[in-house]
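**Student:** Sharing a structure below in C-alpha cells format, with a few things to ask.
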Amino acid sequence: MAKTAVIGAGSWGTALSLVLHTNGNDVTVWSIVEQEVQMLREKHEHVDKLPGVKLPEDITFTTDLKEAIEGKDYLILAVPSVFTRSTAKSMAPFVKKGQVIVCVAKGIEENTLMTLSDIVEQEIPAADVAVMCGPSHAEEVGIGLPTTVVAGARKKSVAEGVQDIFMNEVFRVYTSPDVLGMELGGSLKNVIALAAGMADGLGYGDNTKAALITRGISEISRLAIKMGANAETLSGLTGIGDLIVTCESKHSRNRKAGMLMGQGYTMKQAMDEVKMVVEGVYSAKAAIALARKYEVAMPIIEEINHVLFDDKPAKDAVRELMLRDRREEHSSLEWEE
Ligand SMILES: NC(=O)C1=CN([C@@H]2O[C@H](COP(=O)(O)OP(=O)(O)OC[C@H]3O[C@@H](n4cnc5c(N)ncnc54)[C@H](OP(=O)(O)O)[C@@H]3O)[C@@H](O)[C@H]2O)C=CC1
Ligand SMILES: O=C(CO)COP(=O)(O)O
C-alpha cells in the first residue's frame, strides 16, 4: 500500500482516485476549486464530471496543496495541460526527493513546445517523474470496465512502482521507457480526434474515419520518430490505441468538440458545450510548430489548425486533403524496375 495524492479533481483525477483506493492505497485528492472540494466531500461523487460514480468515504479531499503532498509516495498530476506548469510551480516547495510525480494529462506547451513531463522535471527537480496514458476514458474506468494503459519512466523501477499502485484485474498497466513517444502519441491524437469528430459532424462515414485514423497515426509517427521516439510506441496502446478510442468513443471530449464544429459551431461554442477540457485545441498549434521545426509533413494537423484558428469550414479542409498532389502510400517501399 502506498500513500498517494491526486492533484486535480476533474473526471480523470476522480476516476484514478477510485482505482488507487480500490487497490488499497491511501488517497488524498486536491483541487484548486473550493466548490469542487466541497461537492466531493458532501456527495462523494463528482456530479458534474463523473456522475454516477460513487467515491469511498475515506478518500480525503483538500484545497491545501501542502497537506496533499507531504508524506505521499506518489503524486498523480491530473490537471489539464495548460495548468501543468502553474500547478507544478505551486507544488515545488513541498515536494521532497524520492516522491514520484505521475503525469496523466495530455498536451504540449504551446510557447515552449515542451512535453508535460519535461515541464515537471524543470519545475520540480527533486522529483522522479513518470507518465501514464493509453486508451482510457474516465467514464469507463469509473465503472470498472477492462482498460489497459502504459506507465512510462526513464528508470524501470519508477515505472514498475506506478504499475504496482494502479494495476488490478480491470486496470492493466504495462511499462515502457519511451516517455517521449508516449507523450507525443497521447497529445497529438487529440488533434486528429477533432478531425474525426468534424467528419462525424459533416455526416461522413466509416471510410472517412478509417482514413483519418490511419493517415493520422502516420503523421504522428513521422514527427515522433524524427523527435527521437520509438516506432513501436506509436503502434502500441499510447499511439494507435489511444487514437482509436478517442476517434470512435461517445465519451471523447475532442471528438465531441470536433463534431459540433462539423455541424457549424465555432471553436469557442463547441468548447463551452463540451464543458470539459478539449486538449486537442491547445495541442494543435504546438503540433504544427513541431512539424515545422522538425520539417515533417502533417497535412491533417495543418488543416485542423486552419479550421480552428482561421475560420476555414471543415468541409473545405476535407476537400483540400482529398485533392492534395497524388502520392505513394509509403514512400519508402521499392518498385520493380
Ligand atoms: N477524462 C478522461 O477520460 C481522460 C483525461 N485525460 C487527460 O487528463 C487531463 C485532465 O482531464 P479531465 O480530468 O478530463 O479534465 P476536466 O475538464 O474533467 O477537469 C479539469 C479540472 O481542472 C480544474 N482546474 C480549473 N482551473 C484550474 C487551475 N487553474 N489549476 C488547476 N486545475 C484547474 C477544473 O476545475 P473546474 O471544474 O472548476 O473547471 C477541473 O477540476 C487532460 O489532459 C486530459 O486529456 C487523460 C485520460 C483520460
Ligand atoms: O485522452 C483521453 C482518453 O484516452 C481523453 O480525451 P478524449 O476525451 O478527447 O478522448
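Glycine is no exception: its Cβ is also placed from the backbone N, Cα and C atoms.
All annotation found in TrEMBL is predicted automatically rather than curated by experts.
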**Student:** For the sn-glycerol 3-phosphate site that TrEMBL lists with LYS106, GLY134, SER136, LYS189, SER252, ARG253, ASN254, give the additional residue from the candidates ASP128, ASP242.
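**Tutor:** For the sn-glycerol 3-phosphate site that includes LYS106, GLY134, SER136, LYS189, SER252, ARG253, ASN254, TrEMBL also lists ASP242.
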**Student:** Per TrEMBL, which of ALA138, ALA314, ALA317 sits in the NADPH site along with SER11, TRP12, LYS106, ARG253, VAL277, GLU279?
**Tutor:** ALA138
**Student:** According to TrEMBL, GLY8, ALA9, GLY10, SER11, TRP12, GLY13, ALA138, ARG253 bind NAD(+); which one of PHE83, PHE94 is annotated to that same site?
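**Tutor:** When TrEMBL describes the NAD(+) site, the candidate it includes is PHE83.
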**Student:** The record names LYS106, GLY134, SER136, LYS189, ASP242, SER252, ARG253, ASN254 as the residues that bind sn-glycerol 3-phosphate; what is their largest Cα to Cα distance in Å?
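**Tutor:** Comparing all Cα pairs, the maximum is 15 Å.
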**Student:** Are there binding-site residues among LYS106, SER136, ALA138, ASP242 that sit within 10 Å of TRP12 (NAD(+) binding site), Cα to Cα? If so, list them; otherwise say none.
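**Tutor:** Those close enough are SER136, ALA138.
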**Student:** Quick test of your reading of the structure: among the binding-site residues GLY10, TRP12, PHE83, GLY134, ASN254, VAL277, whose CB sits under 6 A from ligand 2?
**Tutor:** ASN254
**Student:** By a simple count, how many Cβ atoms lie within 10 Å of the Cβ of GLY8 (NAD(+) binding site), its own Cβ left out?
**Tutor:** 24
**Student:** Where the criterion is a Cβ under 6 Å from an atom of ligand 1, which of the recorded positions GLY10, SER11, SER136, ALA138, LYS189 meet it?
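**Tutor:** Near the molecule: GLY10, SER11, SER136, ALA138.
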**Student:** So how many other Cβ atoms are close to SER252 (sn-glycerol 3-phosphate binding site), meaning within 10 Å of its Cβ?
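**Tutor:** I get 24 for this one.
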**Student:** Taking Cα atoms as reference points, rank the binding-site residues SER11, GLY134, SER136 by distance from PHE83 (NAD(+) binding site) and give the first.
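**Tutor:** Going through SER11, GLY134, SER136 one by one, the closest to PHE83 (NAD(+) binding site) is SER11.
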